[in-house]
Ligand code: BES
Ligand code: ZN
């Protein structure tokens, strides 16, 4: 197979080797970290974590140093056995601290156990952490702490090689105050009480993981069992609702296993976080984190759980080697998430999600958010000097899964495509890879289909910005009804609207309702009178479903309907999900009438937001 010139004209060279991760300052090409032992105390008064990390380092080449990533860490001392290690800490723009350890002779193949005593930055300085005072939790009895390390925030809680090119196993002992439960992205191995009434929890993660998968949550948490290997954790007033909402978790996991192979992480637990959690879900190993906004009461938003389950293979086992290949995590995961949902709830749902992903998420990101020549609209973007959080968008998700769907349709080999996925996952399990590793493996396994593969526009799909060169085939029936209803709202006379059949909308599933609203939003702005009618007819200000509320707010904001301002501000003050907060703040900042109030609301809320969300909104404000 000759792929040597396949990337001619693309934006960067040497595509066959995994390029150096531009988002780490560590010397991960010289040294590997194989294991980390953490000894932590969570200090709710100072709002930090302090203790130590013991790093088992292995020299991959002859060297004399280990260079680690950090961010706002206070290093108290570094030792190997009884010997002090000389070190140097330097601040680096965007990427945090370069912590250089002078180790003397460190020949290839040898190992050294390095003990680092340190504390994290306090409060929001530890960009991965949010400490929440007890008054602001659901039950108001204990304070709360949670982390979000992806993409490059692990370095703010542990000195490490914060690149997905390095994987390590870990164990931990974590001390928390009286009455609090602590959970990590690992298996719990017991706990003991301390003299002051606190508890020390012990953990082990026997599978090697990338640093972005370190995770901690501590609070007044309770547990409910879903199945022998799945529990859900949440504050007491939330936990039973959560248990109901996530009832199908075991079924989803079993379906994922049929599709992707044996589940190798032992447990799959969920923890429901406070509303400030910046994401819908985060695939922390053994313990997926989810936003409480998934609890709609009708199990209608649980595809996020299918998504995080799929990451147990695509992402956590087979991992993007650097953030330019992020679509190998997210595009593959979306593709598998929809296969799981299709098998459990019907193929038409899968089709539906594929279409809305293409037309309501991918296309607007390309054409409106970034513009069609923007670097970030490439499936494999150039991230030199860029914080990966800054490039985050629907592109790796939707362009990525559409590409996999397109290839499936071109090959047209039925079951064998899913078989290929299983082989790919088994082959690259526990590795960190680049796009070409997948592509080469595809060619190898599909030698009899070489002609079809050669006809794929690889450069167009992978490296060119803008709308992909081909559109996969979608079954549009279910979607058409939604588009028709949307067009009615755009075009009908006042009289027709007055007589509109409200039941047609009410009978739809919530994903269909969202589609109706998103299709309305894509039309030219509605008149104020029509916006009012829309809200009134469909009782949109009463919905508890966040997806519906969000789509409604975007329609009203686009129409510049003044009464939406307080509704939108209340929404972003309560919910921290970046997917909602970023587009809403963007609109509020851009509109004369809401700009001042939006800035005021944001500034007032900073102390109650996760640091990641603050960074995102701050950069929006700067852009105006
Ligand atoms: N791993 C991501 C979240 C993430 C990505 C955090 C990059 C930080 C940096 C997670 O699996 C995810 O994709 N969550 C989505 C859910 C979804 C697409 C169903 C979300 O939060 O909306
Ligand atoms: Zn994901």
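For all residues, glycine too, the Cβ spot is worked out from N, Cα and C.
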Candidates 330, 347, the one TrEMBL lists with 307, 311 as binding Zn(2+): 330
Maximum Cα-Cα separation in Å among residues 148, 149, 150, 278, 279, 280, 281, 282, 283, 577, 578, 579, which the record lists as binding peptide: 17
CB contacts for residue 148 (peptide binding site) [other CB atoms within 10 A, all chains]: 24
Where residue 281 (peptide binding site) falls in three-state DSSP terms: strand
Segment-level pLDDT (mean, integer) for the domain 'Peptidase M1 leukotriene A4 hydrolase/aminopeptidase C-terminal' (477-621): 97
Residues within 8 Å of the 307, 311, 330 Cβ centre (excluding the Zn(2+) site residues themselves): 281, 283, 308, 310, 314, 315, 329, 332, 333, 334, 337, 397
Neighbour tally for residue 330 (Zn(2+) binding site), based on other Cβ positions within 10 Å of its Cβ: 24
Separation of alpha carbons, residue 308 (active site, proton acceptor) and residue 148 (peptide binding site) (Å): 14
